[in-house]
Each structure stands twice: as C-alpha cells, then as structure tokens.
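Trainee: First the structure, which I've put down as structure tokens, then a few questions once you've had a look.
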Amino acid sequence: MGAASDVGYHAQRQARWHYGEIAFWLIVLACGFVFPSRYLIMTDILRLALFTMSLDLILGYAGIVSLGHAAFFGVGAYAAGLLALHGIINEPVLALIVAGLAAMVLGFATSFLVIRGVDLTRLMVTLGIALLLEALAERFSNITGGTDGLQGIEMQPIFGQIPFDMFGKAGFFYSLAVLFVLFLFARRVVHSPFGLSLRAIKNNPLRAAAIGIPVNRRLIAIYTLAAFYAGIAGALFTQTTAIASLDVFAFERSADLMLVLVIGGTGYLYGGLIGAVVFRMLQELFSTITPQYWQFWIGLVLVVIVLVGRQRLHRWVLYVPNLIIRQVAGRKAVVAVPESDA
Amino acid sequence: MTAILTNLFDGVAYGMLLFVLACGLAVTLGLMNFVNLAHGAFAMAGGYVCMVLVNLMGWPFFAALPLAFVSSAAIGIALERTLYRHLYTRSHLDQVLFTIGLTFMSVAAVDYIQGSSRVFINLPAALQGQFDLFGVGIGRYRLMIIVICGLLTVGLQMVLAKTRFGSRLRAAVDDPRAASGLGINVPQVFAFTFAFGCGLAGLGGALSAEILGLDPYFPLKFMIYFLIVVTVGGSSSITGPFLASLLLGIGDVAGKYYVPKMGPFVIYTMMIVILIWRPNGLFGRPAAR
C-alpha cells in the first residue's frame, strides 16, 4: 500500500460511525422523552453545545484562539430577533439560516484580520471585535433596544405547522434537530481532505504551506464556517427564549465558552456537547451552593484544569470507561480523546 | 482653547495612570511572552488595600499608597512562585484559561468580602478641588498623579537602562538560555520583575480609585485597556507602552468629551487598525521568540 492510500485508509477508518456515537445521539434523543419537565435547561445545553462546536471548529481543528466568539453569537441573536420582531421573515427555519448567514458575512470580513499575526494579536483582535460590536449595539439603541434588549418578539410556528409552546418542548426538539444536522455537516467537513489539511495547518503552518496547502484560504474558510455556526447558535437563543439583550456580546460569554470546550476536550466535535452538559450541571450546582458567587467556583475549575493538565484530566475521566471497554471488546476498542494543544 | 488644554491635561493624567497600571503587564506579556489576563486583579487588590487602610483604619492617604504597592507585590510573588511559574512554557491557550479563571475568582472574592458597589477612598483636603493656571483648570489630584507617575517612569527607565539588574533583565528576556549560561538566575529575575509589576499595578489601582472607579469588576472592565497599552506599545522598551498609554488616555478623554455617544468605539477601532497595520505594535520590533 502506498503512502497516499495508507493515509486515505486511516482517514476513512477514523471517519466511520462508531457504535458509541450512535448510542450517544440516541441517549440525547431519549432525554427529550425521559425528562419532560426539564426542556428549558436542556434546550439551553443544546444551544451551548452548538456554540461550543463552532469554537471547536476553529480552536480544536485550526488552532485559532479566539476570545471574542460571542461576536458572531450576538450577531446571529440580534439578526433573528430583528427578523422576527419586524416580521421580515416569519418562518423560524428560514430566519435561522438568514441569521447564520449574517454572522457568516461578518466572520468572512473579520477573518482577514484574524489570520494576520500570531496568537496574541488574534486574541486581541477577536476580543476587540466583540467589544466593538457590543459598543455598537449600545450606541444604536433605537435598533437594538440598548440595555433593555429586544422585547416583544413573537415566534411564528416552525414551517407554519409546529408552534413554540410555553414548556419549551417544540423548542427543544427544534434545537436538537438543528444541532444534529449541523453536527453531521461538521463531522463531514472535519473528516474530509479539507479537515485533514486544517489539522496539518494547526500542527505546523509552515510545513503545511510547504506541502502545498493554501494556509490562509483554509483558515478563512473554516473561520467563516465557524461564524455561521455561532450565528445559528445565537439565533436559536433568540428564537427559543424570545429575548436578545446586550449580554449576548459579553466577554464572559466568550470566556465561558472556552471553559465549556476545555472541559469537553478539543478536536473531536463531541467535546462541545459533553462540555456543555458538564458546564451547565456545574453551574447549577454552584449556584445552589452560593447563588451570587458561583463565578468564583467556575474560575477555580478553570485554574485546576490548567494546573492538572488537560490531557491528564481526560485520561483520568476515561480510565473507568476504558477499563470496561477493554474487558468487553478487547484492547483495540479503547476510547481516546485526540487532544492536542492549540 | 482652555477647554482643550484642560482635556489634554486630564488625558495625560489618565494616560500616566494607565501606564503605571499596565507597565507590569508590558513585562509579563511583552517580554516574558506570558498572557496574563489577571493583571487587573492585582491592581484591584492594591486599590482595595488602600481603601481599607484609609477609610476604615484611618491611615493617611500617602502612607497607604506604599502599602498598596507592597501588598500587591506580595500577592504577586506568592502566586508567581506557586502557580504562574509552571505555566511559562505552556501554550497561550492554557495561559489564557488559567488567568481568566484567576480573574473570575478575584472578582467573586472581592464581591463577597466588600460588596459589589463602587468604593471611594477618602482623599486629604489638599488633593481635592482644582486651581487655575493661566486660565486652565488643573485638578490637584490629577496633578499629583502626573507627578508620581512621571517620577516612576523616569525611575523605571533609569533602572532598566543603567543598573545591573536592568541589564540582567534585558539579557534574560532576549535569550533566557544564553543568560542562564552566563550565570544569571533567570527565574529569580523574572519572579522579581513580575512582583514589581504587580506592585506597580497595585499602586495604580490605589491611585485610580478616584478616576477610573473601583469595584469588583475592575479587572474585567479595564483588561482590554491594559492589553491595548501593551500590544499597541510593543515590548522593545518601556517608551512604547508609555507613549501608547498617553495616546490612549488622551484619545479616550477627548472621545468621551467631544463624541460622548460613540463611547469606547473610537478606542477599539484604533486598536484593531493599529494591530492590523503593525501586528507587533506601533513601537515594537519583530518578536524575538
């Protein structure tokens, strides 16, 4: 077997659906039927999962550290809110896509700023763009409603058939469907030759350029795609909660997002989904212990994660599951998180 | 005309203050290449120490200032020896996560101890009010800030350029391996510099309570300002961050006075444009590492 076909063989093996993945999605779907009283928090987790998946695309696969990913979330949220509020596009799915496209346009425009420079400049530029948009949203309060946010958003039924109910059931399944479709697409993208080239860029941009990968164009493409995902997450936020306020752009949102992704692990797409569940549970736990000061404990979790080391932590978490898998299916089937540093 | 001069004066005072607050970060971020987003937390610590000493224990303001410096420096060196030290060689992502965590913890902790409202430090009567100089209104407090910060800047430049410690620091930054080969204790130099930077931030925090406002969210609110000073100013000398602070201070004061509706818009746009134009900062040189 030649080297090229060898690479292809391994890439295809990686891309194949595992039983674990199918089981994961079945469990997620089952949650919708098992906990009918928890639709709101579960919808919240799904939104966060989608948003985190968007960050994973650029951080986990392309190695771009962003401190301002909330910018796209916010644009998506306000776009969806304005579309619904002024009755421009009443159909939620169509509005969702348009909101995502709006974020995508911003992502494309700002990607040229982001691909320049090194980590530090990227951090600053992404953070600056998010802050800039927050300042703009505050400035044009006649459009955005300023600090009060957009109020009185009335959502129309999905496809004109399924109305949003007050228990959030429709919202949950709607979010789940959107998440699943976008997950399928992201999965396809990261396992395609395009996705493989992104990994090469992340590992060593110079070497990637030397073997003929157009580094900048690839980075622009994935950044734009991630912006689209984040915009959709923001739009889902507005559509399922019927509010959009200035805090969609807040720095804390971007910072929390990093934490979610780091809890779940970068670079295998499920990190965002698992991280979102763990993060929301932690948040619930901390806010029942100390309602006002839960941020302290979130901060402590971040510090501990970094000090212990992300890789080591994930090994510990996977220790017991792997022990069981090894007993049942033999050594080959062991789950490993393909974690590497950005 | 006098309004312009008064604004200029206020802007200079503001900029000087930003420089004292941020120059510690210029060393850690610019020279040691460590992304320390928790820098504002040290400033806040100094501010609160000063507030407690002056308001609750009745210390004179000028006696409390050095103590603000010392306490922040002590916290700085304690954290550097126990935690930060392990992260110098880690990726930027890890550094960002770690320092954001620290910032969140400091915000919640101060909120818990002192409450979430803004606090004020009781100033001595000699520092209140303003006087006229050729028709230009000069705030006494701001004049004091300019004097203190100006002296500090000159002092810092002298230490960096003329003393043995200064040359050790520059050597350690330029090439840590070669420097330690020459017998310079690089970790010690970095630890000392880190602590001194934190101390300066603490002093700045104490001075800024009157102008910037001091509340538990201080580290988050002004994080971007500190980062702007460092990234725009570059890291080749302390002159770069100093000029960047002055620019930022004057720009921000003038922006708030002449186009109040635009808010912080001007500053962020300026920063993004400068970073795109010169990724290593206005006065920077290409990164050594």
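Even glycines carry a Cβ here, placed using N, Cα and C.
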Trainee: May I ask you to indicate which of B:39-57, B:96-114 is given in TrEMBL as transmembrane segment?
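Mentor: TrEMBL lists transmembrane segment for residues B:96-114.
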Trainee: In the same chain, who gets a Cβ under 8 Å from the transmembrane segment (B:223-250) while lying at least 6 residues past its ends?
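Mentor: Tertiary neighbours of the transmembrane segment (B:223-250) are 7-8, 11-19, 21-23, 25-26, 29-31, 37, 39-40, 103, 153, 156-157, 160, 267-268, 271, 274-275, 280-285.
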Trainee: What residues elsewhere in the chain lie close to the transmembrane segment (B:65-84), defined as a C-beta under 8 angstroms and at least 6 residues from its ends?
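Mentor: For the transmembrane segment (B:65-84), the list is 34, 36, 42-43, 45-47, 49-50, 53, 59, 98, 102, 190-192, 194-203, 205-207.
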Trainee: I'd like to know if the transmembrane segment (B:12-34) touches the transmembrane segment (B:182-203) in this structure, counting it as a touch only when three or more C-beta pairs sit under 8 Å and are separated by 6 or more positions.
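Mentor: Touching, yes - the transmembrane segment (B:182-203) and the transmembrane segment (B:12-34) meet the threshold of 3 or more Cβ pairs under 8 Å.
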Trainee: Take the transmembrane segment (B:12-34) and find every residue of the same chain, 6 or more past its ends, with a Cβ under 8 Å from one of its Cβ atoms.
Mentor: 40, 42-43, 84, 87-88, 95, 139, 142-143, 145-146, 148-150, 152-153, 156, 169, 173, 190, 193-194, 196-201, 203-205, 207-208, 211-212, 222, 225-227, 229-231, 233-235, 238, 240-242, 245-250, 252-253, 287, 289
